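Okay, so here's the structure we're looking at.
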Amino acid sequence: MQFDNIDSALMALKNGETIIVVDDENRENEGDLVAVTEWMNDNTINFMAKEARGLICAPVSKDIAQRLDLVQMVDDNSDIFGTQFTVSIDHVDTTTGISAYERTLTAKKLIDPSSEAKDFNRPGHLFPLVAQDKGVLARNGHTEAAVDLAKLTGAKPAGVICEIMNDDGTMAKGQDLQKFKEKHQLKMITIDDLIEYRKKLEPEIEFKAKVKMPTDFGTFDMYGFKATYTDEEIVVLTKGAIRQHENVRLHSACLTGDIFHSQRCDCGAQLESSMKYINEHGGMIIYLPQEGRGIGLLNKLRAYELIEQGYDTVTANLALGFDEDLRDYHIAAQILKYFNIEHINLLSNNPSKFEGLKQYGIDIAERIEVIVPETVHNHDYMETKKIKMGHLI
């Protein structure tokens, strides 16, 4: 498929056009027509109904939903993607509410600042969806994409979306979407590209605190940061003057290894080794909330259950439905840039960290090996990291 850049899509939306937005191939892997409510024209919903034929929905911000008392359609949402459908609506000035004209009227009234909850009949023929406050950075769905795109065009935070179906009633994917794009001369973007666009456009971290932190390995400066869009908390330990070509360790949080000294992994040993090195030579440790290579603590324990049944650390992740490594290093790169660091010496045995930082503009001048002893309990784990994940150990 041939995708367009985000800026060209924003211009098209602001001109009242409809675009195609494609989500992740591991999610729905489908394309929706998306329009911005404030800019869309009288033919937009008719085009969606005639050409796309999916369910026409109206993503809105939480503020709009709360102001108009758009309550959730069900109390117990069991949708696998957590789509926040509200009760369906028609504006009171409509008749049946189903015509393209009347659904357009209802959508436009959603963003009218003079509209009140009493101005909408329930149920109706337009289906509002409530977007997460932090948009695609919190949830990579079409709902959030539509509201984010509206905001990026300077419009009120609301859109209209419709899934694209083939003539035979199946969902359009891949080359079907490409043909639809070419037939109707539409811009087509991915939610992944929208996520990256927002990451580059907006700061993702906030500095919160700095303290002296005495430890068993020396006294460090500890900085506290908050991830703007996920509310995750990140701490950074530094020793000595901060400079270019800083010695840097990116350490993914490991409760079992770092705190309980588990011998299933080498995480705790690597952290202690890095703290000793940084205390002696100066540098920085960025402690990232990426438990279990990004799958979280409880899923890591589930992976351990599978390992006890004969899986390894990679096949266990895959069996649980995850990639072998979900970590992203954009936050780490943002923290380095906060300290005006673009060139580092990286304490790591993991090549993916090198590539992960390079894609966000961080130059790795030198790799510093982190040497820790194996134990009888983590031998197979270490071998898997070396053979299947390419770790330099």
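One is the number of the first residue shown, and numbering goes on along the chain from there.
The backbone N, Cα and C atoms fix where each Cβ goes, and this holds for glycine too.
In this view, Asp325 (active site, proton acceptor) is surrounded by 20 other Cβ atoms within 10 Å of its Cβ, with every protein chain counted. DSSP classifies Asp325 (active site, proton acceptor) as coil under the three-state reduction. The active site, proton acceptor annotation in Swiss-Prot covers Asp325.
In sequence order, Ser252, Leu288, Gln290, Arg293, Gly294, Ser352, Gly356 make up the list of same-chain residues 6 or more apart from Arg327 (active site, nucleophile) whose Cβ falls under 8 Å from its Cβ. As annotated by Swiss-Prot, active site, nucleophile applies to Arg327.
Annotation source Swiss-Prot lists D-ribulose 5-phosphate binding site at Arg27, Glu28, Asp32, Arg139, Asn140, Gly141, His142, Thr143, Glu163. A C-beta separation below 8 Å, combined with a sequence spacing of at least six in one chain, links Glu163 (D-ribulose 5-phosphate binding site) to Glu30, Gly31, Asp32, Ala52, Gly54, Leu55, Met171. Secondary structure at Glu163 (D-ribulose 5-phosphate binding site), taken from DSSP and collapsed to helix, strand or coil, is strand.
A C-beta separation below 8 Å, combined with a sequence spacing of at least six in one chain, links His142 (D-ribulose 5-phosphate binding site) to Val21, Asp23, Asp32, Val34, Pro59, Ile161, Ile191. Look at Swiss-Prot and you will find Glu28, His142 tagged as Mg(2+) 2 binding site, backed by sequence analysis.
As annotated by Swiss-Prot, GTP binding site applies to Arg249, Leu250, His251, Ser252, Ala253, Gln270, Glu291, Gly292, Arg293, Thr313, Ser348, Lys353. Reduced to three states, the DSSP call for His251 (GTP binding site) is strand. Annotation for His251 (GTP binding site): spatial neighbours Cys267, Gln270, Leu271, Ser274, Ile285, Ile286, Tyr287, Leu288, criterion Cβ-Cβ under 8 Å with sequence separation of six or more.
Cβ contacts within 10 Å of Asn140 (D-ribulose 5-phosphate binding site), excluding its own Cβ and spanning all protein chains shown: 19. Straight-line distance linking the Cα atoms of Arg249 (GTP binding site) and Asp325 (active site, proton acceptor), rounded to a whole number, equals 18 Å. According to its DSSP assignment, Glu291 (GTP binding site) is helical. Each of the binding-site residues Asp32, Glu291 was assessed for Cβ neighbours inside 10 Å, and the highest tally belongs to Asp32.
When the record's GTP-binding residues Arg249, Leu250, His251, Ser252, Ala253, Gln270, Glu291, Gly292, Arg293, Thr313, Ser348, Lys353 are compared pairwise by CA position, the greatest distance found is 22 Å. Closest by Cα distance to Asp325 (active site, proton acceptor), from the binding-site residues Asn140, Ala253, Glu291, is Glu291.
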